[in-house]
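S.K.: Quick paste from Swiss-Prot:
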type	residues	note
ACT_SITE	63	active site
ACT_SITE	105	active site
BINDING	43, 45, 47, 64	Ca(2+) binding site
DISULFID	42-131	disulfide bond
DISULFID	44-60	disulfide bond
DISULFID	59-111	disulfide bond
DISULFID	65-138	disulfide bond
DISULFID	66-104	disulfide bond
DISULFID	73-97	disulfide bond
DISULFID	91-102	disulfide bond
SIGNAL	1-16	signal peptide
């Protein structure tokens, strides 16, 4: 029961529709976003500041920027629709705003997949005090 409580608390600290984003990461990058990317570098996880530490952290920086450009819906709360066609994730639905959220999540999952080799354990649970440099613009 304690484990379930801990997982519920962790779920509250991740932006977006967590289950959809987690599912996309699993489908595309073939690893758990919750485990690998929820507390990595300066941008993977809740919030973000400073300079991205590597290509994987940059995936999260770009994802944050993408969410920041979404208008007309809430990327942190709204769900979207997608399908898998010929092995590729295709964002769909009639709501262009929700489709944009899906595209942000899809691009991040592809970025994680394409940058698996840059993942460095030294950035997992990276101390926030190491993220004090001025952030670059989106």
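Numbers run from 1 along the shown chain.
Keep in mind that glycine also has a Cβ here, set from the backbone N, Cα and C atoms.
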S.K.: I want to check the contact list for residue 63 (active site): same chain, sequence separation of six or more, C-beta distance under 8 angstroms. What comes out?
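M.R.: Those within reach of residue 63 (active site), by Cβ under 8 Å and sequence separation of 6 or more, are 43, 104, 105, 107, 108, 111.
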S.K.: Quick one, of the disulfide-bonded residues 42, 65, 104, 111, 131, which Cβ has the fewest other Cβ within 10 Å?
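M.R.: Among the disulfide-bonded residues 42, 65, 104, 111, 131, the sparsest Cβ neighbourhood within 10 Å belongs to 65.
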S.K.: Hey, does DSSP put residue 73 (disulfide bond) in a helix, a strand, or just coil?
M.R.: coil
S.K.: Take the C-alpha atoms of residue 44 (disulfide bond) and residue 59 (disulfide bond) and report the distance between them in angstrom, rounded.
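M.R.: Cα of residue 44 (disulfide bond) to Cα of residue 59 (disulfide bond) measures 8 Å after rounding.
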S.K.: Starting from the Cα of residue 138 (disulfide bond), work out which of the disulfide-bonded residues (42, 59, 66) are within 10 Å.
M.R.: 66
S.K.: Calculate the distance in Å between the alpha carbons (Cα) of residue 73 (disulfide bond) and residue 102 (disulfide bond), and round it to a whole number.
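M.R.: Residue 73 (disulfide bond) to residue 102 (disulfide bond), Cα-Cα distance: 12 Å.
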S.K.: Could you give the Cα-Cα distance between residue 64 (Ca(2+) binding site) and residue 42 (disulfide bond), in whole Å?
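M.R.: Answer for this pair: 11 Å between alpha carbons.
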S.K.: For residue 59 (disulfide bond), what residues in its own chain, 6 or more apart in sequence, show a Cβ-Cβ distance under 8 Å?
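M.R.: Within the chain, residue 59 (disulfide bond) has Cβ neighbours under 8 Å at 44, 108, 111, 112, 115.
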S.K.: Please name which of the recorded positions listed here, 47, 60, 91, is nearest in space to residue 131 (disulfide bond), Cα against Cα.
M.R.: 47
S.K.: Quick one: which of these disulfide-bonded residues, 60, 65, 66, 97, have their CA within 10 A of residue 42 (disulfide bond)?
M.R.: 60
